[in-house]
Amino acid sequence: MKVALLMSGGVDSSYCAHLLSSQGYEVIGIYLKLHDKNKKHDIYIANCEQVAAHLHIDFQVLDLREEFKKSVYDTFVSSYKEGKTPNPCAICNPLMKFGLGLQKALELGCDYIATGHYAQIKEVNGIKRIAKAVDESKDQSYFLYALPQEAIDRIIFPLGALLKEDIKKTALELLPFLGTLQTYKESQEICFVEQSYIDILKLHDKVDNEGVVRNSNGKAIGTHKGYMHYTIGKRKGFSVFGSHEPHYVKAINPQNNEIVVGTKEELAIDSIKALNKSLPQAFNGGIYDVKVRYRSTPLKAQIDIQGEFIYAKLLESAYGVAQGQALVLYQEDCVLGGGVITQAQ
């Protein structure tokens, strides 16, 4: 059986190459060139080539920079301009890695596509679903909620049942040269961000632009340094005159360059509206676990699907729910689907 492995040049995907080869798969390594950080590409492509040579597998580079810019990068920038908090990985996965990446794999005659994601594939009532990784501290199933079924049916996640701490140790024991691979210093999980997302936005717009902070009643109570610096739930980086209690961002008004802040109690919401990306009608009316951001604790919610929107009525309040983030539904450890949050109140 032939499998296309999306390689990043790091230890995890390199170890995947070893695992798949040792399991008898014919492996073709593919590096996706997604952004314009050429120094980063040079380092990681060289790493991939070294791994491929060591394991005697084919390797190639797929240049998707133009498609990535249109579908992921530009959406990232425009979302912040609109006062939203985008989730670029959740956009990239269905369109780039498991969209155009899978398309390339099929063109190469591959039966499957594999990645180093920490997630699993589980079969439920004859349907394959994305499921949480055994190592829940590294679980990435949240970012994979929008994958089409035709992609899920062809995915292999070699690391899904393993622990991160064991992987690195075992990988370096089996493939000692992995310890000599170059790395690229970065401080963000977002591949095209070097230091802060603000640095990206500054390339496209005036970000540092002092504005008014208002309370829930509309009264001006302070100042901020520019609305794009803030996300819902943030409690630092703005001033509130004469107040010593914590205030949190509860709304962003791009048109007037204003933010609205309130106490934690005022931040509480219990209903969410999301643009449906992948939740089947079969789950309409049920009560499921939902996550509203990557590291959030799952909450129970009653689900109502109407047209192209998902309405989630939370059974307990949530805090810091931002437009642009993903609403992801789970049943036990399996992902059912989800959408992009458009409203929370």
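Note that Cβ sites are derived from N, Cα and C of the backbone, with glycine treated the same way.
The ATP site recorded in Swiss-Prot comprises Leu6, Met7, Ser8, Gly9, Gly10, Val11, Asp12, Ser13, Leu32 together with one of Gly83, Gly99, Gly109, Gly116, namely Gly116.
The Cβ of Asp12 (ATP binding site) lies under 8 Å from the Cβ of Gly116, Leu159, Ile167, each on the same chain and at least six residues away in sequence.
Cβ-based crowding with a 10 Å cutoff singles out Gln325 as the top-ranked of the recorded positions Ser8, Gln325. Within the same chain, residues at least 6 positions away in sequence whose Cβ sits under 8 Å from that of Cys191 (disulfide bond) are Leu34, His35, Lys37. Here Gly10 (ATP binding site) is positioned 27 angstrom away from Gln325 (site 'Interaction with tRNA'), judged by their C-alpha atoms.
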